[in-house]
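**Q** Just lifted these from TrEMBL, have a look:
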type: BINDING; residues: Glu121, Asn125, Asp167, Met172, Ser187, Gly188, Gln211, Phe212, Gly213, Val214, Gly215, Phe216, Thr266, Arg462; note: ATP binding site
type: REGION; residues: 312-333; note: region 'Disordered'
type: COMPBIAS; residues: 319-333; note: compositional bias 'Basic and acidic residues'
type: REGION; residues: 765-813; note: region 'Disordered'
Amino acid sequence: MHRLPRRSVSAILRHGGARHRTTAAPISCASTHLGSVGETDAKVRWHSALASGKFNPCNPTVQFASNNGLCFGNRFESSAAASDASAESPAERFEYQAEVNRLMDLIVNSLYSNKEVFLRELISNASDALDKLRFLSVMEPDLLKGGGDLDIRIQTDKDNGIIHIIDSGIGMTRQELVDCLGTIAQSGTAKFSKLLKDSKDAGGDNNLIGQFGVGFYSAFLVADRVVVSTKSPKSDKQYVWQGEANASSYTIQEETDPEKLIPRGTRLSLYLKRDDKGFAVPERIQKLVKNYSQFVSFPIYTWQEKGYTKEVEVDEDPAESKKDEENEKTEVPKKKTKTVVEKYWDWELANETQPIWLRNPKEVNTEDYNEFYKKTFNEYLDPLASSHFTTEGEVEFRSILYVPAVAPRGKDDIVNPKTKNIRLYVKRVFISDDFDGELFPRYLSFVKGVVDSNDLPLNVSREILQESRIVRIMRKRLVRKAFDMILGISMSEDRADYDKFFENFGKHLKLGCIEDRENHKRIAPLLRFFSSQSEDVMISLDEYLENMKPEQKGIYYIASDSVESASNTPFLEKLLEKDLEVLYLVDPIDEVAIQNLESYKEKKFLDISKEDLDLGDKNEEKEKEIKQEYGQTCDWIKKRLGDKVASVQISNRLSSSPCVLVSGKFGWSANMERLMKAQTVGDTSSLEFMRGRRVFEINPEHPIIQNLNAASKINPDDEDAIRAIDLLYDTALVSSGFTPENPAQLGGKIYEMMGLALSGKWSTPVAEVQQPGPQHHNPETLEAEGQHPATPHHNSEILEAEVVEPVEAGTQK
């Protein structure tokens, strides 16, 4: 024990106790000391107190001093509230060990990111106290006598901002209070666990939660003053520990007030800060318990206001009563009643949901899994699939994973790496659901579930899962189980199940092709695409391989913005003739995903819109002849197009189209170029580089190309031929999926060609209807020459004949 300077002692005598005698209003117990009362009597007396609406502290109490709470010090100045019923025993004052000022500042301001975790830590301490008592009672059954049931109870005083946490655990002696609440990082739970491991009689695992010894001091996140009243079954006396925030010492004194004595355990009272009195609302406490400590193995009760309806009589108005008597003289008068809600306070169980992941999977049915899923994740639809498993070996944990029925909407989309879909528990105590890829990669972020482990690398606040080899192993096993679950859906007899899954989460799997190269073999069988032979129903890559031709060298695909657009592209012409199936990549992410896969079961993916396409039907002699015949034409066209194309080649993929524009082997396809242009933050400087190589392929069997071949040999400078080359290139841009550089110019060329084709077909050109120069004929003169003046009808016929004849004789058509 440390001595205080005389000046500090005099200051405490002047100010230390007065402040808290007015604010601390301990809840008194109407019953007498229960130390010698049997368990049954204690229960009866407890419930009788509940019926009267009074709080009875003579019930199970909270032990947190040696559990999860770091047994390090805080600076507190406090004194016990005076009792009029009995004389106080002298309070001993102790100095905290080590640099408490700095440490308490770290705890309150840096260690915990969220204030509400204080309740989780204190409940964990209480659970450890109950667990210790249960273990020790195996060897010493007398420890359980007279202390009531093993449970945790939380009561709040909303008006005064006080929270009481009571457990019926092992309690603490005076020396344990000094050791655990006055020494830095002295975890009683850690010591107890070590003793159990060293003991030969400690069979099996224990469920003690505390590790570091800082949990108790999380109370000062929200409280200015903390009072711990504790009674150990190993001691005849009950002690009270009191400490204040920002104080360098604490006090311990013996409890002598008979109304405050408890049979066993700990009662922790938090006197909340002004800004944190909202935590004393019963509904908020209930919510925090359900979130953080729902699966603690001991029952947790909270003090809640409840109500029931009843009928009560209503006083009638004398005037109305007299009128009713006149109207119903013969009938028996009925008394008027109304329904009112009668309010009362009672204990309510807060952790009624049991952790089904601790049960044997063979004993849990589908309805149990679905109910747990809906309640835990606030869902209204049953999951598509679930997986319940236990992993043993280097890393041991239990888990239940679910595949939701629908995809998330809003902010929890595919680009959001942070979700709250995985709830991490350590020994059934909720730690966090805020992960950024530690347990699941981003593309599997839609998987929901719980993971419970007894030993994870957590930081001191037990809020952050630290990166380590254990976490990497756990992540790998969780991912593997998730894929097994999805594969089970794909193998379901009802194909609609997987269609529904892929509609919701197909993009996530395709993202996995880009981000997770290690799992390509697991992802690829789960992908689905439309194809040239299945435009209505998606097929798997395995189904595509089954339909492949023996001579086919790879998996053909075309990327487009829709199935209709892909099915009408000129790149497909020759492949459809040969009955070769082509995959349609119509999702924006499809092309990137396939390029990252590169191959599937030793079959490479081949883009039919890129150069050097091999269809397996090469005839070298025929190709040589065609090149000799059309070589001059290719050079002529290349000279006209200039830098717009890298080269002009003879095509082996066209049958009905005159030409097509294909992409370079290592550049962007037309679809990818369109997507990259649409990117809001895309790099425009790379557009020219990636789209630089384009190859203009011509079809030597098409009449237009044959005519141009003749023109290149007879009159290569013919304006009509040159104009046809320009129009062919612009048309090939559009039909191949590219965007024309000058749409207006392309439109002008098309209008010009349409004008030539349609000139005079349905109407009479004005220039040809009017004769050159005015000619006046006298009807009499016409009759003299043997001609008759024409009527308007006949005149129109003559004019029409005159128009048609020169058109038929001319070269325009």
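Backbone N, Cα and C atoms are what each Cβ position is placed from, and that goes for glycine too.
What TrEMBL says about a protein is an automatic prediction, not a curated fact.
On a predicted model such as this, the values are computed, not experimentally measured, just so you know.
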**Q** Applying a 10 Å Cβ distance cut-off over all chains shown, what neighbour count does Asp167 (ATP binding site) have?
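**A** The Cβ of Asp167 (ATP binding site) has 35 Cβ neighbours within 10 Å.
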**Q** Within 10 Å of the Cβ of Gly215 (ATP binding site), how many other Cβ atoms are there?
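**A** Here the count is 31.
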**Q** Could you tally the C-beta atoms, other than its own, that fall within 10 angstroms of the C-beta of Glu121 (ATP binding site)?
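**A** Neighbour count, Cβ to Cβ under the 10 Å cut-off: 29.
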**Q** So for Thr266 (ATP binding site), how many other CB atoms are inside 10 Å of its CB?
**A** 30
